[in-house]
């Protein structure tokens, strides 16, 4: 094994260890605390967006103990904001080999996808149409103030966000204890621009290269 291979293996191991720790913490959080934090995060997002809503937002439908996005998606939809959601399968249930999106058309136009996710049933849009989104809300397990984000390890969002518009801010929703000093990251990992916790919307400043 070369030095480079060893470094990559060590970085992958550090990511796995941190993912496991965050997932254990999330699973142990009492439901009343989750609910209170979800309400606080939503209030911050609604205030931040204010009356100048984007025409199109790329988001996702949270599952399990992830910070809630269901209320945000419904709120945007009620205000006639076009919401793009991830699509992992085609209409026959086969996995797509690259990131894709579809517009949210209400709770009755969703189907069960892999990993417990819900997907829109509408026309599938290729990743290259992501620049239509003026704001991107992506999932994550942790992040730091430089914008390094720890995902779940599948790489879907790193590939998808490569198509995000340069002027479109990327937000990640986290709990208070998931904003860390250091995040193991690869050079190709797409940084986020803002972190939304129950207490604040934090702007990220990329480190000088």
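Glycine is no exception: its Cβ is also placed from the backbone N, Cα and C atoms.
TrEMBL annotations:
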{"type": "BINDING", "residues": "15, 16, 17, 18, 19, 149, 150, 151, 152, 153, 154, 155, 156, 157", "note": "ATP binding site"}
{"type": "BINDING", "residues": "61, 66", "note": "substrate binding site"}
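Features per TrEMBL, on structure.
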residue	record	Cβ within 10 Å
15	ATP binding site	21
17	ATP binding site	11
19	ATP binding site	17
61	substrate binding site	22
66	substrate binding site	19
150	ATP binding site	23
152	ATP binding site	16
154	ATP binding site	10
156	ATP binding site	16
Which of these binding-site residues is closest to residue 66 (substrate binding site) if you go by CA atoms: 15, 17, 152, 156?
152
Looking only at 15, 16, 17, 18, 19, 149, 150, 151, 152, 153, 154, 155, 156, 157, which the record lists for ATP, tell me the maximum pairwise CA distance in angstrom.
20
Taking only the Cα atoms, work out how far residue 15 (ATP binding site) lies from residue 61 (substrate binding site), in Å, as a whole number.
24
Could you state the whole-number distance in Å separating the C-alpha atoms of residue 17 (ATP binding site) and residue 61 (substrate binding site)?
25
